[in-house]
Amino acid sequence: MSAPDIDNPKLHCRMLEQKFPNEDDLCLVTVVSSSEMGTYVALKEYDDIQGMIPMSELSRKRYKQTRLTRVGKEEVATVIRVNSESGFIDLSLKRTTPEEKSAFLTKYTKNKEAHLIMRLIAKKADVSMEELYTMFGWPLAKKYGTLHDAFRKSLTEPDVFEPYGIPANILDALRQTISHYMTIQPLKFRADIEVSCFAIGGVESVKRALLKGVESAGDSGLVIKLVSSPLYVLFLTLPERQKGMEIMYAAVAAIKAQIESEGGSCVVKRDPCVVSKEEEIEENEDTTEDANSQDAEDE
């Protein structure tokens, strides 16, 4: 945030509805200072309220303590005591497992991104973040698991916000900001199969089988490319993972059923999956001939 934003009370609010964490909750903390008693930290999800990690709760290994108490360092800590009346919160680093940290950080990253969007909306609409969270942020988080998941769902289901009576100016800012920061990136799916038929008219049988695969996918945009006979690669680009996988498996099944009915075979060399950017580049270099419904006639 810029300097004016830091001093603006409207742009300060905890991410979570409860004002204090519960015992055994995980929190992301930033080291503020250290003393003989322990390390003082700011709890990021609770608008930087202060907590303390007693020296005995830093680490089971003494040599790590200096590194863990460096000012500005972020850590995932487990809450061990909470006094909501006094505001004292004690935490522990040594009781937090690597597995717990990993799962927590995944959810925290979502909360942080949603929190940024809420701050931007508060600035645009000149309202407090706490007012926005009370109006729709915390209710949505309760309904969808995280506010981030609710925001992402709104990209395909705009009526997500209807039950909350959000004023038009705030709703417009909300939709624009979500669209800008959370546009769904399409996923690319791939499957590798070997299709062959040594019966009379086998080439035509392979063509018919591949066409069955394309037809089974409807207008989803499935493409089949020849790498080197009998190896073919199926490609599909869609934003929805589950739907993409269903289409890919159905296409492979359609090809297999058709070619086997004509005395040929279909061997799956790579099950349908989502490919990475690196694999996508490699695919473009390795595939040499399009064998989809239009180009199959040119073989």
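Yeah, the Cβs are placed from backbone N, Cα and C, and that goes for glycine too.
The compositional bias 'Acidic residues' feature in TrEMBL is assigned to 279-289.
Among the features that TrEMBL reports, domain 'S1 motif' is placed at 24-94.
According to TrEMBL, the feature region 'Disordered' maps to 277-299.
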Restricted to the domain 'S1 motif' (24-94), the mean pLDDT of the model is 87
DSSP tally for the domain 'S1 motif' (24-94), helix/strand/coil in that order, comes to 13 helix, 36 strand, 22 coil
